[in-house]
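Report on the following structure.
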Amino acid sequence: MAVIGALPKEVAEAVSASRLLVVGAGGIGCELLKNLVLTGFTNLDVIDLDTIDVSNLNRQFLFQKKHVGRSKAQVAKESVLQFCPDANITAYHDSIMNPDYNVEFFKQFTMAMNALDNNAARNHVNRMCLAAGIPLIESGTAGYLGQVSVIKKGVTECYECQPKPTQKTFPGCTIRNTPSEPIHCIVWAKYLFNQLFGEEDADQEVAPDIADPEAAWDPTKAAERANASNVDGDIKRVSTKQWAKSTGYDPIKLFNKLFRDDIKYLLTMDRLWRKRKPPIPLEWASLHNKENCSEIQNESSLLGLKDQKVLNVASYAQLFSKSVETLREQLREKGDGAELVWDKDDVPAMDFVTAAANLRMHIFSMNMKSKFDVKSMAGNIIPAIATTNAVISGLIVLEGLKILSGNTEQCRTVFLNKQPNPRKKLLVPCSLDPPNPSCYVCAIKPEVTVKLNVHKVTVQMLQDKILKEKFAMVAPDVQIEDGKGTILISSEAGETDANNHRKISEFGIRNSSQLQADDFLQDYTLMMNILHSDEMEKDVDFEVVGDVPEKGPQKPPEESVKNITNGSDDGAQPSTSKAQDQDDVLIVDSDEESPSSSNADVGMESASLKRKLPDEEAVSSTKRKRIEPPVEEDDDIIALD
């Protein structure tokens, strides 16, 4: 071990004695595991739920073609042991969010190192490390950009201390009625996949939206004008999946319904097209007449990289038909009630989305996109670069050595930029910021105000949309602070399922009510103040009032804010950078930029920001017996106003 021999004796001993948790065995994880064992770390635990795909092989060098389909964590362990047989590595093919990996599990480790590609897992590991009191080194890459930061309870900002831009969403009426950008058509195609072959979601409907306020039309009159309600395409208001099943997933009938009849139906909404170019319906028969059939492009005849070619409309129609037939067969093989899950690396699923999206783009007069472009946009993919992962994994180890040497004050958030800044720096270190006193996770008393309509929000929505999605809880328990200890939501299976579809107002929740939400796995408690409003914006179910403010207007010099996602769909790490022209990255600390609020100034994506309740102020986690919701009384109704 050449590296450990060059370390001071005390640090070398700490390295040998330490036990590290590596979360993620992908692009960064492979490089990190290699660096750790070559540095002298021998006691490692690595966890990853993912399996190896062919697309991983160009940069995740611990894997080979023969490993495709196997656990990343297990194969990474086997590969590392080939060049470091003395290492003691434990591999877990599992999700880090599994309740088995509780606070006691995390307390086994000297520190944790994240090599993740999704925000939900990052939030969870952040909270578990705070609860266990161990340092966490966070990291992320996006193309040429990268970042490494250190998180230590009570000393630095936690991962959720600063706001992150939420993933961009689009109004349902835009997706369904008036797409104006290719991404709108791609989102529609992904929704269509789920509506036909996957789990149906009412929020992912693809049929024309007759409730579009911009249309302001008379549906009855329009339906009379539309000569497409019950002919061929059967534009009856049944679910898309029911209709598709009734046709036996006939590709031609699906094509004519989606790209002819539904478009004709849209054209009857006159007002939508007064200032827009109206869509042009497609007809299967006209696309496949003799003249067009001769123009259909055979993939095998395409020169160059076929995934980067844009086909013609007839070819995309043919691709749509072939992919529907393949997916139909996959459903049949799985049996009744089976569902498919869309995966960007599944060829038939990707072909389906590519074809459907491009046909819709053509209908709405947009330039069509290659399969490569559609895949990048559909998966929110920023192509990963092996060199970036290598640089970032090296920086993770350097920060880890600082922690083990007892020099946490020397730790830095380091940004890797695509281009050198005027000072010719590619690596830019910034001082670590102290905890944000307003953070929803690591503040002394986590508390938040949520604005919503108590007469419309259900218990299920409170659990799924607010607590799990917004506040990233895994298994929340919710108690109403009404003096009775009413249990609204229980993490025990089936205990409060009867409440799910009831409005929260039915439980006496009104303006100024307080809810205590506990996640026992994360050792996290959040007090939620309810602010009732009858005037929520359209398509907005709730708002977090006074979301964590960003720290000042500071802006990373020379480089605009970007999101670091490690090539994933929900990103997570800040990116801004400056450059460094020295080979020895250890000297980055000597050339610090002015305080940058490492996480505030960069686009750490999505997720919610929360606070952590310390042990000394933690509310007892003993679950209370569920109490039935109070009987509604007149004064309750008056109080709601």
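Every residue number used here counts from 1 along the chain in the order it is shown.
Just so it is clear, glycine is given a Cβ too, placed from its N, Cα and C backbone atoms.
According to Swiss-Prot:
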- CYS173: active site, glycyl thioester intermediate (ACT_SITE)
- 24-29, ASP48, 56-59, LYS72, 95-96, 117-122: ATP binding site (BINDING)
- CYS158, CYS161, CYS439, CYS442: Zn(2+) binding site (BINDING)
- 548-561: compositional bias 'Basic and acidic residues' (COMPBIAS)
- 562-579: compositional bias 'Polar residues' (COMPBIAS)
- 582-594: compositional bias 'Acidic residues' (COMPBIAS)
- 630-641: compositional bias 'Acidic residues' (COMPBIAS)
- 546-641: region 'Disordered' (REGION)
Which residues does ASN58 (ATP binding site) neighbour through Cβ under 8 Å, counting only same-chain ones at least six apart? ALA386
Per DSSP (three-state), ASN118 (ATP binding site) is coil
When the Cα of CYS442 (Zn(2+) binding site) is compared with the Cα of each of the binding-site residues GLY24, GLY27, ASN118, ALA121, which one is closest? ALA121
Whole-number Å only: compute the distance from the Cα of ASN118 (ATP binding site) to the Cα of CYS158 (Zn(2+) binding site). 16
At a 10 Å cut-off from the C-beta of GLY27 (ATP binding site), count the other C-beta atoms across all protein chains. 27
Nearest to ASP48 (ATP binding site) in three-dimensional space, by Cα, is which of the binding-site residues CYS158, CYS161, CYS439? CYS158
When the Cα-Cα distance from GLY27 (ATP binding site) is computed for each of the recorded positions CYS158, CYS161, CYS173, CYS439, which gives the smallest value? CYS158
Among ALA121, CYS161, CYS173, CYS439, all listed as recorded positions, which has the most CB atoms within 10 Å of its CB? CYS161
Going by DSSP, give the three-state secondary structure for GLY27 (ATP binding site). helix
Could you check which of the recorded positions GLY24, SER95, ALA121, CYS173 is the closest Cα neighbour of CYS161 (Zn(2+) binding site)? ALA121
